[in-house]
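These features come from TrEMBL:
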| type | residues | note |
| --- | --- | --- |
| COILED | 236-263 | coiled coil |
| DOMAIN | 47-480 | domain 'Major facilitator superfamily (MFS) profile' |
| REGION | 1-35 | region 'Disordered' |
| TRANSMEM | 43-72 | transmembrane segment |
| TRANSMEM | 84-100 | transmembrane segment |
| TRANSMEM | 112-131 | transmembrane segment |
| TRANSMEM | 138-159 | transmembrane segment |
| TRANSMEM | 171-192 | transmembrane segment |
| TRANSMEM | 204-223 | transmembrane segment |
| TRANSMEM | 329-351 | transmembrane segment |
| TRANSMEM | 358-382 | transmembrane segment |
| TRANSMEM | 388-414 | transmembrane segment |
| TRANSMEM | 426-446 | transmembrane segment |
| TRANSMEM | 452-473 | transmembrane segment |
Amino acid sequence: MGVQENGNKYRRMDAAGNEEDNSLTQSPEQEEGFDKSGSTRKYVLACAFFASLNSVLLGYDVGVMSGAIIFIKEDLKITEVQQEVLVGILSIISLFGSLAGGKTSDVLGRKWTIALAAIVFQAGAAIMTLAPSFAVLIIGRLLAGVGIGFGVMIAPLYIAEISPSIARGSLTSFPEIFINLGILLGYISNYAFSRLPAHINWRVMLGVGILPSVFIALALFVIPESPRWLVMQGRIDEARLVLSKTNESVKEVEERLAEIQVAAGSDNAEKNEEKAVWREIINPSPAVRRMLITGCGIQCFQQITGIDATVYYSPTIFKGAGIKGNNELLAATVAVGFTKTIFILIAIILIDKVGRKPLLYVSTIGMTICLLSLSLSLTFLGNGQLGIALAILSVCGNVAFFSVGIGPVCWVLSSEIFPLRLRAQASALGAVGSRVSSGAIAMSFLSVSHAITVGGTFFVFSLISALSVAFVYKCVPETKGKSLEQIEMLFQDERERPVGEVELGDTERLVENR
């Protein structure tokens, strides 16, 4: 296997330097592969689309709860602390789904874990819609949180494993697009149903979130299983069939299959030595430690800069800026949703052209400026028209910079930097960090704002955002255009790299360094 893989790598390097010769010697199978490039792209795009549908559920819940909580408070007479618990508990409880998601996806497969996530979430959404009391509402919220934990972990992992290297960044960003689309739909739902009676409108708002389950059920008839998971199960022929649908030539299929088999072979060797995955994560090698710091760190910074506080409590923010009336507050949040969705689409276009790290720089620096601007407008400009305008502009700017960088890039990085043997569990651990951070922010925002004012709270967020710029500079490598197996080597010292891989698999990068 090692000799075959090395031979493939030599041929790939040789092909890069002799394009004219290769063009004259392509086999009929290779020519057929290139002829199907259009259908291949459409197939991979469809897989990424359907795998990302669970993310609509998360986004819709985030968006709709920001408005529904106004009417839930009025209908069920809940306290401010209960509001914080209701909003934040979903993110906290989703960590159980994320933790279980890694092992579940290794046992059931990536595809059926996506299905499980949808089923659990829809059960929770149905209970919330019919809840007669705060206690029952919390039960539904807990179930929905577990489903979301599964979903936020498995979608980017599945897409990263099924996508070709050249388009992996854009496609792995699809879940973030769908989260933003869900948030926008939630805001629109709030505004559309806000005029219904208070004991009905929030139930309708939450109930609409059940509808995506129909499309997720249809998705299971379209998307294949992950080829990497199939190889781990020893189902090589099935993996080759999937790769033939997601790669444009027979040569690419065999090269990718060989790389996956080498990675899976290393995993099997580790299993034969009875070195458990979680034990390696708890007591990591230097390379794995760097991966964990990067993957989990970027997930936490994504949340502790306050994006969920901005989204969940945008009506509260705009009310503090001087906007009066529920309809006006909810209408302002729709503008935030449109901004978030538009800029995530821009990120998808740029992520595989510009690269991950430049987008992270633009994002974190821009967020720092907008968060500071929001803090100053809420603190010093009061309820005047200038204060309202600057607050809306700052909130929209913050979500725009978030969506063009750290929002989607975070999920791309966390799904592509870990080796195959650790990928599911490490991605789950990163998702846990994200959800815990999100829940902590959501469950404390109102209390902290009362203690230091809303403006003071966003000043703290701006300081944290400034720290994220330094984190990107120090800990995040550029992964654009590299295979998942090559990315693993970016975190390794020369002493940690297998000799064959250094000589063959990473030759281009060594030449560039020289």
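Heads up, the Cβ atoms here are built off N, Cα and C, so glycines get one too.
Within the chain carrying the transmembrane segment (358-382), a Cβ under 8 angstroms from the stretch's Cβ atoms is held by residues 301, 305-306, 317, 320-322, 347, 350-351, 390-391, 393-395, 397-398, 400-402, 404-407, 409, 453-459, 461-462, 465-466, 468-469, 472-473, 476, all 6 or more beyond its ends. Contacts between the transmembrane segment (388-414) and the transmembrane segment (171-192): present, as 3 or more C-beta pairs lie under 8 angstroms, all at sequence separation of six or more. Looking at which of 43-72, 112-131, 138-159, 171-192, 204-223 has the most CB pairs under 8 Å to the transmembrane segment (329-351), the answer is the stretch 171-192. Of the Cβ pairs linking the transmembrane segment (138-159) with the transmembrane segment (84-100) and spaced 6 or more residues apart, 3 or more are under 8 Å, so the two regions touch. Comparing 43-72, 204-223, 426-446 for CB pairs under 8 angstroms to the transmembrane segment (84-100), the maximum falls on 426-446. Proximity of distant same-chain residues to the transmembrane segment (43-72), defined by a Cβ-Cβ separation under 8 Å and at least 6 residues beyond the stretch ends, is recorded for 78, 83, 86-87, 90, 114, 117-118, 121, 125, 137, 144, 147-148, 150-152, 154-155, 158-159, 162-164, 167, 171-172, 174-187, 189-191, 194, 198, 201-202, 205-206, 208-209, 212, 215-216, 218-219, 222-224, 245-246, 308, 311-315, 326, 330, 333, 337. Confidence in the coiled coil (236-263), given as mean pLDDT, stands at 83. Across 112-131, 171-192, 426-446, stretch 112-131 shows the highest tally of CB pairs under 8 A with the transmembrane segment (204-223). Outside the transmembrane segment (171-192), and at least 6 residues removed from its termini, the chain residues within Cβ reach (under 8 Å) are 44-45, 48-49, 51-68, 152, 155-156, 159-160, 163, 205, 208-209, 311, 327, 330-331, 333-334, 336-338, 340-341, 344-345, 347-348, 351, 403, 407-409, 411-412, 415-416.
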